[in-house]
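As written in Swiss-Prot, here are the features:
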- Tyr481, Gly505, Gly506, Ser507, Gly508, Ser509, Gly510, Lys511, Ser512, Thr513, Ile514, Val515, Arg516: ATP binding site (BINDING)
- 472-706: domain 'ABC transporter' (DOMAIN)
- Lys216: N6-acetyllysine (MOD_RES)
- Lys251: N6-acetyllysine (MOD_RES)
- Ser336: phosphoserine (MOD_RES)
- Tyr340: phosphotyrosine (MOD_RES)
- Thr342: phosphothreonine (MOD_RES)
- Lys350: N6-acetyllysine (MOD_RES)
- 23-140: topological domain 'Mitochondrial matrix' (TOPO_DOM)
- 162-185: topological domain 'Mitochondrial intermembrane' (TOPO_DOM)
- 207-259: topological domain 'Mitochondrial matrix' (TOPO_DOM)
- 281-290: topological domain 'Mitochondrial intermembrane' (TOPO_DOM)
- 312-382: topological domain 'Mitochondrial matrix' (TOPO_DOM)
- 404-409: topological domain 'Mitochondrial intermembrane' (TOPO_DOM)
- 431-752: topological domain 'Mitochondrial matrix' (TOPO_DOM)
- 141-161: transmembrane segment (TRANSMEM)
- 186-206: transmembrane segment (TRANSMEM)
- 260-280: transmembrane segment (TRANSMEM)
- 291-311: transmembrane segment (TRANSMEM)
- 383-403: transmembrane segment (TRANSMEM)
- 410-430: transmembrane segment (TRANSMEM)
Amino acid sequence: MALLAIHSWRWAAAAVAFEKHKHSAVLTRSLVSICGSGLRWSSYQSGASGSARLSQTTESLRNSTQQRWEKNNSRQLLDASKVLQAWPLIEKRTCWHGHAGGGLHTDPKEGLKDVDTRKIIKAMLSYVWPKDRPDLRARVAISLGFLGGAKAMNIVVPFMFKYAVDSLNQMSGNMLNLSDAPNTVATMATAVLIGYGVSRAGAAFFNEVRNAVFGKVAQNSIRRIAKNVFLHLHNLDLGFHLSRQTGALSKAIDRGTRGISFVLSALVFNLLPIVFEMTLVSSVLYYKCGAQFALVTLGTLGAYTAFTVAVTRWRTRFRIEMNKADNDAGNAAIDSLLNYETVKYFNNEKYEAQRYDGFLKTYETASLKSTSTLAMLNFGQSAIFSVGLTAIMVLASQGIVAGALTVGDLVMVNGLLFQLSLPLNFLGTVYRETRQALIDMNTLFTLLKVDTRIKDKAMASPLQITPQTATVAFDNVHFEYIEGQKVLSGVSFEVPAGKKVAIVGGSGSGKSTIVRLLFRFYEPQKGSIYLAGQNIQDVSLESLRRAVGVVPQDAVLFHNTIYYNLLYGNINASPEEVYAVAKLAGLHDAILRMPHGYDTQVGERGLKLSGGEKQRVAIARAILKDPPVILYDEATSSLDSITEETILGAMRDVVKHRTSIFIAHRLSTVVDADEIIVLSQGKVAERGTHYGLLANSSSIYSEMWHTQSTRIQNHDNLGWDAKKESLSKEEERKKLQEEIVNSVKGCGNCSC
């Protein structure tokens, strides 16, 4: 009995240690779960008016930030940022999907309302019992069989104790009289004790085999769910990703998959078996010892369960607060580390650390509440069980005194109850963790329910296109990111197959929006877009995006080798094809000069490469994709003139015999375009060739051209003035040197 009590105490201590370890591990993951930056394209065109409104709110942001530090409350940073113009605009976006739920963005007090336990478990069990995997179903059935065997062996163990004690004390009328013990030990007791050992070994064997058999089912289910969520996130539209923080999504998926692993084991091998074992024990006590024993046992178990459920539901709110603080801390860490250079530029290391520490402080507060209430829960559980055990032992003692029960019955009752204490202690832990895991899983399965606004029509046909038919046409296209703020208003134009067309205009005129609409990142509110004479909404997304290549303004590369990033344009390409496109983009020789050649790591987002090298990689992988249509979204706007001219040369070679659209800010890069389309206030204001547009001195294009030319000329004049000043100083220095030399001519002695 003492040994069983010690084991029970160790189990409770282990449960407490497990939860504390889990809490501390969450903080560590905030720093190490750094993932890709995801999509970074701007979600809307703010224009000059947006910039003006932004500058007007700078002072209010500064005041809000100062108050936040005075109150030492990290949450006020988010409140202060809401005064920025971008925040209300984002909240009004037509592509806004709302919050994911399950603690990702939820209010801690409302988080539990989003958890539909029945639907979550039903969705999870569809992965455990898949219709297309009879092998996994067989494993589940075998595991349940081993589970039943293990529980049966557990119930047999106390009976072995009972029979052993009764055999050793078979002299009726003399309680604990062991005068003939040597004879009984040699016969019945020895056999019973051997049976006791076999029963315990059998129970352990069944449990371990069950775990081994079910392991493949659990891991396969987790892998399939994680893969489906990952693929689903990639299938969601750009608007969803622009309204989500990558760090929060990553943590939600991580916690959700870990929650699935726990719930699978708890539900199949803990909760249901515990209920089965409690029912079996109560029935045994009823038939062997009487109704009083069964009633006390059921009362104890009922009080224990009710107390555990009530307190755990109360404690769950602290877990939701911990999740939210964990998300905020993770986002702060990821954003700060991804913007390492920006932090250094402004010497804001301490600011970032204090901001991060504010979120950790919130997490710490919620974690302390969770830990303290856990201690209260454990004490209450122990008190309830101790009262029930005491009552059962008193009843058993009275039965022995009355002659209705034997000493073996006392040992059996004690063993059955202590055997229940292990699953009961585990029941508390299982319920707490299951409840919390369901909250984590809710976010995961909620993500699976988010429907993308951009998807194929039913029975969408693949795009039929060749380089000879790759005509692009916009027909009266209207589009707005934010309701009531037009970005494109009735835009119509056509790009003939094999021609180069440039689209220019001021900031916020809708140039880059055309690229996103053609690639179907968004859908126009009105009008149609045609590629090769086919409405892009009627063809499959996969075939459409395979036919269009994009060289973005900011080429974000994977944290991998140069070869991997080049191969990404066509993962089935041969090494020779990769080398060929690198040569065409003028990148091959530069790669060979690197220490590791094509195996050189490019760093996070490709930051180890120069801007020109990143753009060449983007061009090369677009070539490797070999699409009939290529889009250049201001691909050289951030480069110097020499690098820009070199890359433009590579572009000219690429676009030969292809349909190409150049989104340009520098007009000098598109003077050779077959047609130039000028956008102004979301409309096609002008169109024509470079020289044709310049012929009209009052045209928008002509004004833009002369403005840029004047800026370049002034820059050149400043350079020439600096050069002349340098030359005049050099001439003055030479003249002075000649005077010094002439002054020492004479006898040849410097002292003359």
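Glycine is no exception: its Cβ is also placed from the backbone N, Cα and C atoms.
As the structure is a computational prediction, the values presented were derived from the model and not from experiment.
Nearest in space to Ser512 (ATP binding site), taking C-alpha to C-alpha distance over the modified residues Lys216, Ser336, Tyr340, Thr342, is Thr342.
Fewest other C-beta atoms within 10 angstroms, among the recorded positions Lys350, Arg516, are seen around Lys350.
With helix defined as DSSP H, G or I and strand as E or B, the topological domain 'Mitochondrial intermembrane' (404-409) counts 3 helix, 0 strand, 3 coil. Our reading of the ATP binding annotation (Tyr481, Gly505, Gly506, Ser507, Gly508, Ser509, Gly510, Lys511, Ser512, Thr513, Ile514, Val515, Arg516) yields a largest Cα to Cα distance of 18 angstrom.
In this chain, the transmembrane segment (410-430) lies in contact with the transmembrane segment (141-161); the count of Cβ pairs under 8 Å, excluding pairs fewer than 6 apart in sequence, is at least 3. Cα distances from Lys251 (N6-acetyllysine) to the binding-site residues Gly506, Gly510, Ile514, Arg516 are smallest for Arg516. Residues in the topological domain 'Mitochondrial intermembrane' (281-290) partition by DSSP class (helix H, G, I; strand E, B; coil) as 8 helix, 0 strand, 2 coil. Counted within 10 Å of its Cβ, the other Cβ atoms near the residue listed as 'phosphothreonine' come to 11, all protein chains included. Cβ environment of Ser336 (phosphoserine): Val343, Glu352, Arg355, Tyr356 lie under 8 Å away, each six or more residues apart in the same chain.
In terms of DSSP helix, strand and coil, the topological domain 'Mitochondrial matrix' (312-382) has 67 helix, 0 strand, 4 coil. Residues 278, 281-283, 285, 373, 376-377, 380-381, 384-385, 387-389, 391-392, 395-396, 413, 417, 420, 424, 427-428, 431-432 of the same chain lie 6+ residues outside the transmembrane segment (291-311) yet bring a C-beta within less than 8 angstroms of a C-beta in it.
The modified residues recorded for this entry are Lys216, Thr342, Lys350, and the Cα of Thr342 lies nearest to that of Gly510 (ATP binding site). Within the chain carrying the transmembrane segment (260-280), a Cβ under 8 angstroms from the stretch's Cβ atoms is held by residues 121, 124, 128, 140, 143-144, 147, 151, 154-155, 210-211, 214, 217-218, 221-222, 225, 301, 420, 423-424, 426-427, 430-431, 433-434, 437-438, 441, 444, all 6 or more beyond its ends. Take the Cα of Tyr481 (ATP binding site) and measure to each of the modified residues Lys216, Tyr340, Thr342, Lys350: the nearest one is Thr342. Residue counts for the topological domain 'Mitochondrial matrix' (207-259) under DSSP, split into helix (H, G, I), strand (E, B) and coil, are 48 helix, 0 strand, 5 coil. Around the Cβ of Ser512 (ATP binding site), the number of neighbouring Cβ atoms within 10 Å comes to 20.
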